[in-house]
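What follows is one structure encoded as structure tokens, with my remarks underneath.
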Amino acid sequence: MDPLPAEDGNNNLSDSEMSSISSRFILLMIILAALLSSLYSYVLFHTMIELFTVVITGLIFVIVWNLKDRIDNNFLLVIGVACFFIGAFDFLHTISYSGIDAFDTGSSNLATQLWIISRYIEAFTFLSAILLLNKRTNPYRLFLLYLFLSAGLLLTISPLGIFPDCYIEGEGLTLFKIISEYIICAVLFAALLLLYKNKDYFDPDIHVLISVSIIFTILAEISFTTYLSVYGFSNLIGHIFRIIAFIFLYKAFVESALRRPFTTIYHQLKESEHQFKIKFISLFDNMADGVAFFKVIFDEEGCPYDFCMLEVNRHYETVRGIPREKVLNKCSSDLDSEIIREHFDEIMGVIRTGNPARFESYSSDSGRYYVCSVFSYDIGYFGIIYSDITERKLSENMLRNSLEEKTALLQEVHHRVKNNLQVIISLLDLNRHESGNEMINEVLNETQSRIIAMSLVHEAIYLSDKVSTIDADSHLRTLGLEVLAYYAADCDIILDVEADGCFFDLKTAIPVSLVFNELITNSVKYAFKGRKNGKITFRGECKDGYANMIYCDDGIGISGDIDLINSRSLGITIITSIVRSQLDGTIELVKNEGVCWKIRFPLKKRYGA
């Protein structure tokens, strides 16, 4: 059988148009059925309307609760949770309505009280849902909040009986009920204004549906302020408006959520994705560094052998000095990219493992230095961020050259000072040999020894890698051996020096060396007088901003009391004076087996290995 000829496309209705016509037809049928049922029995009409709203609120709650972990729209979440309690109060209102009176009150007051509670919850829920639009609400805490609120409101009706009357038989609505309806209308109107202000947060169709639902809810509440009988005409009109309001609510929260989940529940996600793309493009184009994205080219065996450049940002041209049109969709082999060629293995490591890499590279084409950060953003794709560090490199090289020149100059200065001191030592040595006076020779020897101590400091700096500090441990050991070789070459005196971790600048090293020289000289001349052996122990410790030094010998010791400040001994006077005036320290003499000197002074400059 031949197929039927197709009708003209202009006469065909789209799915959306068919859906709109169907919705209007269903709405008309529901209203017509409700009106017809009211002719037969108003109680039947009321029950149909209220149960319809209970079913709608129940459906909204079930859908929202099952999707609560995936809903980013806080408005949907708040309304959905509240619908459970709105529907519960509407159900209690229905079964307590005059004509059913399941609670056997003999009055319409209870049904009206339950009604007004439900409407208060509905109105303030719409308002709070919009106010909390940009916040994330915990659904479990929200459910408990509504549960406690609902339980408290029920208790005010029964057994407490403190909830105001809303309907009096023979008189009609109470002033509280009428004022409450107007308050509810005002709250709903405020929610409507806020909804319009935040319309960009919603899908346009959903925004219209919710707005229309709120408008018809307001009209319904106004109708419920005028009736004298619960079976009155204004009550009927109010329920018709209520049907329309909940059908639009159904369209917004149930049908739209089921048929168009991406425009309702995930509308915010799409907006966020769009905003993210805009921000990414803006960041990509305005980065101070050059950025390039590549695609890996594989051979027939699936092995990568080249890279094709897909996109570069605006600053790539500035940073790399290559026009954009010359590199796009070109392979690195065609571009003869020096950086990629030299770091091919590192880039391949990023592609294989997904772990980012960072390396410095020099491009002879542009004559510039770069820090290249390589990252893989998808299988077979990677990006490189080129950070131009040429200025920094040039500054580092200038600094390094300047430092090397300064170091060489300082070492040369110390070398010359040390040589000049050696000349002075030689001159003193000549004078000592020519002099026949023993007292003069003694003074020359001591002067020569002190100059040797200063000379060794400059020699240590000259030989050191660091021109600013001296390692106290090795320097004092060398100085001690020099003094012993000068004064006690034929004696077996053991020198035990430990000062690990102590590093002195020149201003500290020279006075410490002079003190150490005087202490050893005194030990050799007086403590070990008439002996061929002995032991000198030195311990230095530097921590917490202070240097603690202990010098001990096992010589004959010192008899009698010693006034360190007003001593007649030149050696002790020199030691005390240097420690107190040049090192700003303290000195203590401990007489035991031999003598021990305890010296403590602040480290004015940083020390450490």
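Cβ coordinates are placed from backbone N, Cα and C, and glycine is handled just like the others.
A TrEMBL annotation is a machine prediction, not a hand-curated record.
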When TrEMBL is consulted, the range among 208-230, 277-299, 369-391 described as transmembrane segment turns out to be 208-230
Please check if the transmembrane segment (175-196) comes into contact with the transmembrane segment (74-95), where contact means 3 or more CB pairs closer than 8 Å and the residues in each pair are separated by 6 or more positions. no
Restricted to the domain 'Membrane-associated sensor' (38-261), the mean pLDDT of the model is 83
